[in-house]
Amino acid sequence: MLRAKVRRIALANQKGGVGKTTTAINLAAYLARLGKRVLLVDLDPQGNATSGLGVRAERGVYHLLQGEPLEGLVHPVDGFHLLPATPDLVGATVELAGAPTALREALRDEGYDLVLLDAPPSLSPLTLNALAAAEGVVVPVQAEYYALEGVAGLLATLEEVRAGLNPRLRLLGILVTMYDGRTLLAQQVEAQLRAHFGEKVFWTVIPRNVRLAEAPSFGKTIAQHAPTSPGAHAYRRLAEEVMARVQEA
C-alpha cells in the first residue's frame with residue numbers, strides 16, 4: 001500500500017512540559033517562512049498556543065466542530081493561520097468521546113499546504129481526534145530520565161490508532177527538546193534515543209534557551225522575538241528537516 005502524503009502533522013506526547021506547544025508555534029512560523037501555507041490548530045483546552053501567540057478569541061476549534069466554516073475562525077499570525085482554542089473546548093472533550101474522526105471530517109477541505117495539530121498532553125478524545133486526522137506525528141521529548149519509556153508508550157498508542165482509526169498515520173520523527181549539552185544526562189538521553197529509535201529521531205535538537213522560554217509572554221514566535229537566537233536557528237533547521245521528511249513520503 002502506498003503511504004499517504006503527509007499534510008497534517010500532529011504534535012503529541014502524553015507527558016506535559018516537553019516543549020510540544022513551543023514546537024508547534026515555532027515550527028509553524030518557520031514552515032511559513034519556507035513558503036508553505038500553514039494552519040496551526042490549538043487542540044489543548046488550556047489554549048497555550050493561542051495565548052502564546054497573543055491571540056484572544058471567542059470562537060475557534062470548538063465552533064469548527066459544531067459546523068462553522070473554517071475561514072471565519074482563523075487568525076493570521078506571523079505568516080500562518082491559527083485556529084484558536086477557546087474555553088468551550090473543555091466541553092468538546094466529553095462530546096468527542098464517541099466521535100474520534102470528527103476533526104478529520106471538519107478539516108476535510110481546509111485548503112492549506114500543511115496543518116499542525118497541537119494535541120493536549122494526555123490521551124483525551126481531542127488527542128485521538130488529532131491522531132485520526134493526521135498522516136504524520138512529531139513526538140517532542142525532553143532530554144531527561146524516563147524519556148525512552150514515554151516515547152515507547154506513545155508509539156504503542158500510535159499503533160493502536162493506525163490499526164483501528166487511521167491506517168495512514170506514521171511517525172514523522174522524535175524531537176529532542178530542552179537539551180543542555182553541558183550535562184551528561186542530556187547527552188546520555190540523546191544517545192539512548194538515537195540507539196533505540198535510529199533515524200526516527202530528528203537530527204535537529206532544540207536547546208534550552210531563555211529567548212525561547214520568554215517569547216510566549218510577548219505573544220510572539222521565536223522568529224519574531226529573537227530571530228538570531230540558538231532557539232530560532234534550531235527551529236529553522238527543524239522546519240527544513242520536517243519538509244525533507246514530508247517530501248520523502
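Indices start at 1 and increase along the chain as displayed.
Here the Cβ of each residue, glycine as well, is placed from N, Cα and C on the backbone.
According to DSSP, Thr22 (ADP binding site) is assigned to a helical segment. Using a 10 Å Cβ-Cβ cutoff, Thr22 (ADP binding site) registers 26 neighbours. What Swiss-Prot records for Lys15, Gly16, Gly17, Val18, Gly19, Lys20, Thr21, Thr22, Pro207, Asn209 is ATP binding site, and it gives a large-scale study or a structure entry as the kind of evidence.
Feature annotation from Swiss-Prot assigns ADP binding site to Gly17, Gly19, Lys20, Thr21, Thr22, Pro207, Asn209; the stated evidence is a large-scale study or a structure entry. Using a 10 Å radius centred on the Cβ of Lys20 (ADP binding site) and all shown protein chains, the other Cβ atoms total 27.
Taken from Swiss-Prot, the feature Mg(2+) binding site applies to Thr21, supported by a large-scale study or a structure entry. Remark: Thr21 (ATP binding site) has Leu11, Asp44, Asn48, Ala49, Gly52, Asp118 as non-local neighbours, by Cβ distance under 8 Å and separation of at least 6 in sequence.
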Exercise. For Asn209 (ADP binding site), identify the closest of the binding-site residues Lys15, Gly17, Gly19, judging by Cα separation.
Key: Gly19
Quiz item: Per 10 Å Cβ neighbour count, which of the binding-site residues Gly19, Pro207 ranks highest?
Solution: Gly19
Quiz item: What whole-number distance in angstrom separates the two most remote CA atoms of the ATP-binding residues Lys15, Gly16, Gly17, Val18, Gly19, Lys20, Thr21, Thr22, Pro207, Asn209?
Solution: 20
Quiz item: Given Pro207 (ATP binding site) and Lys20 (ADP binding site), what distance in Å do their CA atoms have, once rounded to a whole number?
Solution: 13
